[in-house]
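Undergrad: One structure follows; several queries about it will come next.
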């Protein structure tokens, strides 16, 4: 025996990491499972030893009543991560004792590391019914109805778990505990589910709940009420119209459907049977009003037998039938099996004998890609095996290769992983072409350093979302929906405590029992504006007045039910519909007859005979919408007809007659034809089908002895005695195909011949596979019109192959169902194709040409664009081009790239469709992918005031607009290139590209004025501050900027310069950026759904602000800017400034002028806030900002505040600025500030010293300095003067 020592004097140490590990955090939070002990307690620990743990052993002392087992999760030489399981722990609390023996044989005892509590459940339980004791019943009892209880004396740290047998209810009500491994309530809340069952003997609405304790003797009790349960003595409610389908004694369909009409209904009515109650399904109200409605229920015969069906109501003492009995005997003698002629092959198609080494995962990487999406990269090798095939359950295939080969390759794909929530820590299984596999298990930690394992985002943490426990708000966009015949859209909103946008939300919707087998599934998403999860769904039309539907809601790994939510959130958790004339009944066939007689004889070979059926489809309230049916024989696969009310021979959508005709030639084979399959849908979305016994059968009135058929006797064709199937004369397939190119169309052509009875007009099926059949699809081959002859028909199928399909072993195919008129069928397996001398495999090449196949929505304002596809990052170089209309392609910058996704930045806005193309290695071009931008939603327009009397003149005094425009009621509309309030200013032409300063936002521009003089100007970009304002405009928060980061982002769309800065408030960092773009010529751009005309020689500012932490949702966001104009002239100059409206009501302008040179800023009064267009408020702040410097003849300044409403995700603004030469001097402005020169007038040398600076007209403060210079003699002196002014200005901030 080894040396025993204390953990304090040895080298072995243990650390308990259970509480910090999501998968272990709650494992031990339960009361004892028996009255003597806890079955088990589990812990996750780190064991460290300075020597070696390779031969480590662990045990509990023999003196203890509990035992210890352990599982090593992660190991290295000196540190192990181990799961410990102690079993049979006695009642009480303290520390668990155990020891660890290292490889040297040294044993270390641990007596105070792992604390435990093993406590008995309190008795009696203090049970408090929630929702005032009212339960919530499921719509038509499709899922379990629920009552919730709080246990007031339950330890809040302990979860609740009862054995199924511990829960009972009185009056024979079937009750059971609702939680399972995947469902949990808040720790002191539990639910019971109940179902009303035969014989429905209930005396009252209130039931007693009893919970048995561990000793099996004592019980805790409470009560709950089922408000929908009304005990009716039969004196008020009336029952009529009992009928069942099929109606005769012997039925040939396993579904026996019964209906009854209830008037003044206050009781629940159920379909019952004498022999097999468990196969009788609950009622559903299908049409009518709350006062008078029809109930439909059905019984499913699971074997040939007889039973008696009848409706019964709930009564206190004994079963009370309210209808007669329908006695039915189910027979399978007329069961129909569709004719099927398969081609069979042994898969894989190639022999991989001897390749016995399974594939191996060398590395894996998970890149989060928005909510519930992730990019997965894998390096997989298959040395000694046939090569990598697929990864389950994510369905990555060999075609996802982007580097290497099938033996040693790198693979990448995007996974939308909401479906993986059904697994606990889903593992990945890697398969090769032979079916050999390698399983990659994922534990929360990657190593003993507690580095988290790369994994699907939020899946492991999602285990902490326990259904109701973490739902803090739950409501619908509309909780009470008035519904008619048509479907209605709605949205469910969910608020979680500590929400993670990567948590998957899934909603399974059940209207009726038939939905259990085929529930409608919709997935939720994270709404960043509302900070809520949202689930969009559509209500079917014609719903009965009641709860709309039942559903399961899955959050991460755990789910809750609509009935639970209805109790937990009684005011908002139930979705009700109101309908004065409901119709949940699908379309049915009310009449069905053959055209002509029920039998037909074809005695001549050289004739074409028509036959078919006439049916009447009824749907009197919602109306029939669309359907399909198959007319087939017992041997003839027949023909599928698809139709809508427009194809009706008579009638309309509420009741219409439809005629379906087939043709046979005299070479036919005798057969019996009927409608073998039919599916009908009404305008409310209600389906009837012959394929699922849970659904109403469209032909339910004919499923007994009155099933219409047409017997076709082909005397001439039968006399041929043709028993030989057709032959294939020729099969043409390409030798190879490049599955990594843009043209991946595979065409297979084959010629079929039958010399005796001729080729039948049926479309054979072509099955297309990769080598192991893990990816396969089926296509119909069509006859080529010019190559159809009696005994010789050429068929062809063309299909676009998935990108990379068949790599690397090629594409294999089969042909099924070539038929002659005598119904002899030929199906060719892949081996058959080879044996007949035809090419059975198409070789593949994989050139990996970039291919775009999807994108994220982008608005008309442009910005970032995410595109999806294949082979984006493959190769050494690439460019991405965008084309608008007839313009040539222009390059756009790439912000982020992977092989399957790419983010493009600075994409210009567009109101029309535009195209994206990737060019790799200069010559390899992707497809031209079209993108249609969406129009941003707009803010509701403000009401406009109407005035009477003569309109105000908003133009100049003589209404001529300086001779450069037209006077309108809203002001002057200027002719290009004139702008300004009265069209008196002209844009100065600047043909030379601006030169930005890389250390500060300064842009130097050299240009020429209208008189030919050389002009130089410079811009300084700087923000004064951002402010948060309360509703009464009080400043709540202010941050002043002092640093910017410059990036030149010039591309094919023009010279562009980016300046970034940020600040932090309450832990949230807000980024603010300004992109300055220079326009040499007049250009039209798109912003906020508006076409904006940009004048030549204009600086355009695109301003973006990321999320800001508002102190209140009622507060607004303001950017404060300073605009300054200055000159070094000390006399004879004048300065002036204007701020006002343009003739376009969507714009305002600011004009700062010294003499005849001015800076003109035009900014739109619209912004984009969280993806919608909103109004922006721009105001002068001169009266409230003490920092505004006093104006002089050579200096003027204004502060401007741009105020945007509260936002959560982003804010975008878009002003522009031009330098103007005015026809009138600033001295003509009555509010100008002037210094008069003794001999009058300004000289050119004085004009040359002029500087104009501006700080902002948007979210960015912009300072523009304009130099009007002949020969640059005064540049240095003017720059020094400007810097001095700015330094003094900054000191006042």
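Just so you know, the numbers here start at 1 and follow the chain as drawn.
In case you wondered, yes, glycine gets a Cβ from its N, Cα and C as well.
Heads up, TrEMBL stuff is auto-annotated, nobody curated it.
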Undergrad: Would you mind telling me which of 1223-1246, 1247-1270 TrEMBL tags as transmembrane segment?
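TA: My reading of TrEMBL: the transmembrane segment range is 1247-1270.
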Undergrad: Who are the chain neighbours of the domain 'DUF7949' (959-987) in space, where the CB to CB distance is under 8 Å and they lie at least 6 residues beyond its ends?
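TA: Distant Cβ neighbours of the domain 'DUF7949' (959-987) are 951, 953, 1010, 1082, 1095-1098, 1138, 1140-1145, 1149, 1151, 1158, 1160, 1162, 1218-1224.
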Undergrad: For the domain 'DUF7034' (726-847), which recorded stretch in the set 355-465, 582-715, 1021-1220 gives the largest number of Cβ pairs separated by under 8 Å?
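TA: Ranking 355-465, 582-715, 1021-1220 by Cβ pairs under 8 Å to the domain 'DUF7034' (726-847) puts 355-465 first.
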Undergrad: Reported in the order helix, strand, coil, what are the DSSP residue counts of the domain 'DUF7743' (355-465)?
TA: 13 helix, 49 strand, 49 coil
Undergrad: If you average the pLDDT over the domain 'DUF7034' (726-847), what number do you get?
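TA: Mean pLDDT across the domain 'DUF7034' (726-847) comes out at 95.
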